[in-house]
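Visitor: As annotated in TrEMBL:
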| type | residues | note |
| --- | --- | --- |
| TRANSMEM | 6-24 | transmembrane segment |
| TRANSMEM | 31-52 | transmembrane segment |
| TRANSMEM | 72-95 | transmembrane segment |
| TRANSMEM | 134-152 | transmembrane segment |
| TRANSMEM | 164-185 | transmembrane segment |
| TRANSMEM | 191-209 | transmembrane segment |
Amino acid sequence: MRIGLTGAAFVGAVAAVILTLLLSRGVGHTLRLLLAGVVVGVVLGATTHLVLLFTPDSLQAMQAFMLGSTAFVGWTSFSLMAGVWLVCVLAAWLLARVLDGLSLGDATALSLGLPVAPMRAALVAVLALATGTAVAQTGLIAFVGLAAPHLVRSMVKTTHAHLMLLSSLVGGVLLMSADTLARGLLAPQELPVGVLTAVLGGGYLLWLMHRGGRHSGGAA
């Protein structure tokens with residue numbers, strides 16, 4: 001059942017990414033891509049609420065899923081996520097050179113002889129598999145994937161090959177720390193870890209925006 005759920009999550013993640021890319025007409029325009037992502041998120045959220053409206057018996061399970069929790073994770077889920085993690089890390093390692101090239105811009109990557117379009121599609125597939133698997137097992141746990149690479153980049157300057165491996169490890173540490181805090185903060189009642197990461201991650205995102213605005217203002 002877990003494998004089927006993960007497969008369905010992977011298909012859904014790929015479909016959401018493809019729909020977002022179609023609406024934004026590619027990845028060349030950042031603002032349009034962000035707006036397309038917001039639109040797809042709103043539509044899928046409305047679809048979820050419609051499902052809850054017509055199947056009220058699933059409300060409790062869906063609520064736990066939408067708040068995010070590691071309480072669903074047993075040895076079967078752990079083994080499945082570990083296997084997918086190994087596959088995704090290996091694939092990302094092989095594609096790291098492409099990411100190094102893309103960070104310099106599409107024109108530079110093409111001049112280096114990198115097959116940008118197929119490699120970008122492969123990266124999206126790896127991302128969808130990793131994200132779909134994690135969300136299928138734990139529910140919606142926000143901001144960990146945003147905070148981990150920023151923390152790694154702030155501590156070390158490295159290539160994407162090492163960045164992705166270190167980010168996955170730092171993300172695991174962040175999630176375990178947040179889960180431990182969520183279990184003990186309101187003990188004996190357990191706070192959903194997704195709520196805690198959303199609050200902390202939102203504050204971290206605001207700090208990043210403030211720091212970025214201050215630096216750009218100083219540069220001006």
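Each position is counted from 1, following the chain as shown.
Glycine too: its Cβ is placed from the backbone N, Cα and C atoms.
Any TrEMBL annotation is an automated prediction that lacks curation.
Source: prediction; values computed, not measured.
Let's see these features in context: how buried, what's close, how far.
Guide: Residues 32-33, 35-37, 39-40, 44, 80, 84, 124-125, 127-129, 131-133, 135-137 of the same chain lie 6 or more positions beyond the ends of the transmembrane segment (6-24) yet place their CB under 8 Å from a CB of it.
If one looks beyond the transmembrane segment (31-52) by at least 6 residues along the same chain, the residues whose Cβ comes under 8 Å of a Cβ in the stretch are 16, 19-21, 23-25, 58-59, 62, 66.
Cβ atoms under 8 Å from those of the transmembrane segment (72-95) belong to residues 2-3, 6, 64-65, 119, 122-123, 126, 129-130, 133-134, 137-139, 161, 164-165, 168 of the same chain, restricted to positions at least 6 beyond its ends.
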